[in-house]
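First the structure, in the form of structure tokens, and then the observations on it.
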Amino acid sequence: MDQGLRNSSSRETTAHSSEERSKFEAGTSEQGLYGPDSLLVGASPHPPPPSTCFSRLADSFRTRSPQLYHVADRVVKYIRGPRPKVDLPNPVPLLGRTYNFKGRRFAIALEPAIIRFTRPFTVAWLFVLLVAAYIISFSFLVRAQWYTIPASSFVGCTSVFWTGDAGCGLDGSLCAPFSNSSFDFRCPAQCSSVVLQNPRVVGDESVDFVPLLVGGGDSQKTYRADSFICASAVQAGFFSDSTGGCASVNLVGNFTNYLPTTAFGLSSIGFPSVFPMSFRLSPSDVLTHCTDLRTPALAFNILITCLLFLVLRPKAIVTWWCLVCIGFWHIALFSQPQATPPPLDVAFGAFLPALFVCYGFWRVAVRFTLPLFANAPFEAMIWYLAPYWTGVLTNLTMDQIPIDRLTAADIKQQPGGVLALIIIVLILFVLVVNQIRVIRKTGWLPYYLGWYIIGGLVALVLALLPGLQFRLHHYIISMVLFPGVGFPTRLSAIYQGFLLGMFLNDVAAFGFDSILQTAADLVDGGTTGSPLPTFLTNSTTYNASVALANQTISWYGMPTAIATQGWNGFALLVDDVEVYLGTALNYSLAALEAGLPHFFRLAYAMDGTPGDFTMPVTLWPNGTWVDPLPGAS
């Protein structure tokens, strides 16, 4: 017969036994300096001679401030918890026990029924057979997802023909050809949620935290070449965002007056001037097998993990490794691949270290919790899998939280970022306080506090290193919190599931990024903080009576302090295209088309590489000159 969860005789499944936890201590004793009830704990159980210096200080403190001494003594005793250390009771199945309600007793026996019904399916040979069948089935899904069309046909959610600012070089030469070129492509699903992470200036507008879409509102649905190709195809109606799909893109060169539009949940902005490169979309007659299979793969993997808990019910450590492998490869191959198609060498490079870390999770926490639910498979499935898949799909479940990177600049520039951070901190505070309460009940709180204080001091030292920024990646948060959730409670099971999913999501999608990064590592297309030049021409000096073909704009020379930093030239953007790179202090507008607005941005250059550009100057067709706003673009 199956034993109830109250049975804790097995040392393998007894959570936080004193013998088990004592392996992690180093030389601490159960008695204090003056016995078990003393303020000073952790030293020898035999009191030292009263003549010692330490004893004299303690006696002096107790004599001079007896009230403060007793308050401190009570605080330390509370933090210390019970002595000797105790084990928390094992959780009793909620769906396998008897309840009393208004004098009546009734029993819920769902868990015993599941165990009794599924016992024939728990044999080892069947598990091995089903694992082999799963690997084969998953391989066919991966093949259908990535290897039935040419790899060159895949484009990412942020793929563009024209990169921002001066990324295409002088006159866009690095992004040629501008027209008479086409190719068929396939987009992944869920590209509508992939947005700009830093402000991007288009003409005189600044867009951020949306997919970059410029144009598409004319009858032929013409987009500027720096628009996200996949989001453009979704907005143009060639396939849905939930399934991805294929289309054909055709470069059409110069276009004037891109019109904004809104369709299929996406909005584009307009651009009233001319741009040298544009594209239009049409259905693909070449590519097949275009549907993104991440949603069917997700349903398949969720079903497998549910069967793992409810039907197959292997040993806890086997269940753990199944969760690690299924989650990692679902992220790496379906939900958040690092490239399209996924680079398997990069995935395996992160997989082996991830296995090592997950074994550490098992040793410090999971083995004290997961085995206790052996006789409550339905509960285990709920407590572990719901938060686990929430963590695995962090890119979707946390998508609406306006925080992408835990940096001050990122939080400030996102609308609602500060409020979201405050709410998250408050929720984490409540959860941490509750977990501290649980740990204190066992008597292990001083041990955990000691290690977390040491870790906090190390993090503080790292954060103060000059020239580097401390980055608390998701995988690091999981590694830090996992040791504190290894207790026989349902909340600990929930925490473990979510932290494992979040760890796998970060490692499989981004790898083990460094905890310390330079400012350049965090730019990601944003401004770098380089010095900004200043236009000499302004709204008061520009002569609107002179024809555009005879106009020249000027800027101030380079100050000596900036030249000594290595800056040795200027770069000028006209209508978001780099048109000048050199040392001159003026530029003729003779080549510009009259009757259109034009936009100018200026930057210092270092050996041909521009720094940050100014905010745009706007020159309207009627001759009105609008000076740039302060700051970089």
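Any Cβ shown, glycine's included, is placed from N, Cα and C.
Those TrEMBL annotations? Automatic predictions, nothing curated.
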Listed range which TrEMBL flags as transmembrane segment, given the options 380-404, 480-504, 555-579: 480-504
Correct range for transmembrane segment (source TrEMBL, candidates 210-233, 258-281): 258-281
Annotated stretches the transmembrane segment (480-504) and the transmembrane segment (123-142) touching (3 or more Cβ pairs under 8 Å): no
Outside the transmembrane segment (123-142), six or more residues from its ends: residues with CB under 8 Å to it: 293, 296-297, 300, 304, 312, 314, 318, 329, 333-334
Arithmetic mean of per-residue pLDDT over the domain 'LCCL' (151-269): 94
Tally of residues which DSSP labels helix, strand or coil - the domain 'LCCL' (151-269): 19 helix, 37 strand, 63 coil
Best-contacting stretch, by C-beta pairs under 8 Å, relative to the transmembrane segment (293-312) and drawn from 258-281, 318-334, 346-362: 318-334
Positions on the same chain near the transmembrane segment (346-362), where near means CB under 8 A and six or more residues out: 317, 320-321, 324, 328-329, 332-333, 338-339, 475, 479, 482, 496, 499-500, 503-504, 507-508, 511-512
